[in-house]
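As annotated in Swiss-Prot:
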type: BINDING; residues: ASP59, GLY60, ASN133, ASP134, ARG144, ASP163, THR174, ALA175, TYR176, ALA177, LEU178, SER179, GLN233; note: NAD(+) binding site
type: ACT_SITE; residues: ASP59; note: active site, proton acceptor
Amino acid sequence: MRKVLVFLKNSKKAFETFKRVERVLKDLNLSYKKFINRKELFKVLKPKDYELFLVIGGDGTFLSAARIASRFGVPLVGVNEGRFGFLTEIKKEEIKKVLPLVLEGRAKLQERLMIDVYLRSRNRLRYLGNYLNDAVISKSSIARIIRTKVFINGEEVLEVFGDGVILSTPTGSTAYALSAGGPIVYPESQNLLFVPICPHTLSNRPLVLPSKFEVKFKVVSENMEAFLTLDGQEGFHLKKGDEVIVKRSRYVCRMYSHPRKSFFGILKEKLRWG
């Protein structure tokens with residue numbers, strides 16, 4: 001591995017952590033380039049420019065980088081400089097010992113499923129992008145329930161009365177979907193996860209689906225505005241009749257897992273699981 005792109009959060013702590021990372025890169029004689037601005041990165045990056053995206057920040061920074069790196073098939077590894085760090089698995093205290101193992105190719109390379117999201121509004125279909133975690137339709141600031149029809153492979157399967165709905169990837173199953181009562185899905189599984197948010201009907205339960213299925217949500221609430229949030233970072237206002245279509249993306253997120261920790265170990269450490 002010879003060319004590394006360092007993508008970091010715009011914060012003082014992230015810059016301090018970068019100094020530690022920089023020393024490791026220099027010790028291994030690796031060339032690197034540092035980026036902070038996502039838009040700038042998208043403009044200058046070309047396929048196969050780099051062999052690794054090294055992300056310094058929290059899970060939000062990692063999700064943002066994943067949408068870019070997946071387009072070029074470049075693997076990522078995350079160094080945590082946020083509050084939680086479920087995706088940015090390497091702690092800053094571990095940089096000197098653990099990061100070289102990744103850079104030398106001694107860590108496991110995973111392929112994580114991503115989703116493509118489309119919005120149909122006023123008979124116009126628009127592609128919104130590819131995402132690693134989830135698509136969430138939720139109510140606006142007014143404290144009323146919203147009605148959302150759910151279609152799976154073209155068949156209307158239910159109508160949810162509640163605070164909204166989540167369509168998650170296995171990676172996203174430990175994010176908002178988990179808080180809403182969904183199951184934890186092993187991150188390399190090939191599934192989609194549907195989770196209703198605070199449904200007003202006891203029979204509306206989470207559902208695990210094959211990744212080849214297409215899921216469509218239609219907002220049917222009268223005079224109620226809903227909101228679509230993608231990976232917790234991009235948002236769109238929705239009105240009655242708008243449809244959100246989610247399907248498996250042709251892009252995948254390639255990422256190195258922590259060479260000394262398993263997924264279950266991270267669950268125990270981060271979520272106190274087990």
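Every residue number used here counts from 1 along the chain in the order it is shown.
Each Cβ is built from the backbone N, Cα and C atoms, and glycine gets one as well.
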What is the Cβ neighbour count of TYR176 (NAD(+) binding site) at a 10 Å cut-off, with all protein chains included?
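TYR176 (NAD(+) binding site) is surrounded by 20 other Cβ atoms within 10 Å.
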With NAD(+) as the bound species and ASP59, GLY60, ASN133, ASP134, ARG144, ASP163, THR174, ALA175, TYR176, ALA177, LEU178, SER179, GLN233 as its recorded binding residues, calculate the greatest Cα-Cα distance and give it in Å as a whole number.
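Maximum Cα-Cα distance: 30 Å.
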Measure from the Cβ of LEU178 (NAD(+) binding site) and count the other Cβ atoms within 10 Å, all protein chains considered.
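18, counting other Cβ atoms within 10 Å of LEU178 (NAD(+) binding site).
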